[in-house]
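Undergrad: Here it is, the structure, as structure tokens.
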């Protein structure tokens, strides 16, 4: 049962250690393919190919025997029907024994966070010692299907017994062939696209177009600096076969623009006065990720020095219309309360950048006494230190393959804690349906 919300002043203001129960669960290693703009180098592949590459890269980096993995969980959002349990298909292609159980999860942009949470639960319950969690999204080729009338007619054609019936059904099929159904880009419950929700959210929390464009430039600048400095250690190259065989080694969406260029772009959703544009929103991305989650005892017994402890997680859900993208504001204080920590205890924040306006609106919400009292029944969380947030860029610049981003956030949190000498890091992300997640990570050996 979830705890009732408490005012933050009732939470311990400083802590040297998280409250611990049961096994210590650790992140042993995390990898990802380079994240690429949809329609570029990965365009002739499949989602299962990318997830396979991430799994293979993880096993190569860890030098772990495949038969020591107890379970594999992968997240994805837009499923290819031929590989609906993509975790299983990718695992078999990657060389795992067929005795290793695999399952696929989906919760929009936090799907691989769910995979990690499932792995933590498996380990704490003594079901497993070592679990692989990951995720993938492939936006270069999404399933487009015939409309319902055409599908119904096609199914009826199989049962038609005479030529007349078959001709009649064939005519119905032909009449509907040119009306395909694309994957939904709007919320089923509200009918509104996420971009429209982001525009309204930015307006509600008084986030200007200039602030959003500046945040987008910040993301690209920090990602470029991190890439040049060799800090994006989670990336593993992908070799692409074919006539134009190539090895992809880096993300290709990082582009540092100028405020003049960004300010010249037209609104993408609410026209002509909206503030969300193609430059301050995350782009369609292909990519996959994978990480090895284990008990600390198992990791040490097998010769690994973990990257980080996985301490707490908290999933939340709000109104999918007016608060679709506000989950970080709810999840961050909730996960800190579970651990008995305050925002001052956190050295690293990795917040998913669906839109620049979404991140900035969440920061404003947490710093609003009115919002926190009315909607979260607590005193305000306070203003997060921007210097602690997404110091190596984020989804706006690195890219956002829906099912893979959660593990990327986890990898960056762990590596940043190590490099910056911090103890605790918090991951937060919003997702479709008004969902979100907060995760608490502790540096290993602190």
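Each Cβ is built from the backbone N, Cα and C atoms, and glycine gets one as well.
Taken from TrEMBL, the feature active site, acyl-thioester intermediate applies to 109. Per TrEMBL, active site, proton acceptor is recorded for 400, 430. As annotated by TrEMBL, domain 'Thiolase N-terminal' applies to 25-297. According to TrEMBL, the domain 'Thiolase C-terminal' annotation covers 304-442.
For each listed feature, how buried is it and what is near it?
TA: Around residue 430 (active site, proton acceptor), the same-chain residues at least 6 positions away in sequence with a Cβ under 8 Å from its Cβ are 109, 110, 324, 325, 326, 327, 328, 352, 354, 358, 362, 436.
Averaged across the domain 'Thiolase N-terminal' (25-297), pLDDT for the predicted model comes to 93.
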Undergrad: With helix taken as DSSP H, G or I, strand as E or B and everything else coil, how many residues of the domain 'Thiolase C-terminal' (304-442) land in each class?
TA: 60 helix, 36 strand, 43 coil
Undergrad: Using Cβ-Cβ distances, find the residues under 8 Å from residue 400 (active site, proton acceptor) that belong to the same chain and are at least 6 apart in sequence, listing them in sequence order.
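TA: Set apart from residue 400 (active site, proton acceptor) by at least 6 residues yet with Cβ under 8 Å, we have 35, 109, 282, 283, 285, 352, 353, 354.
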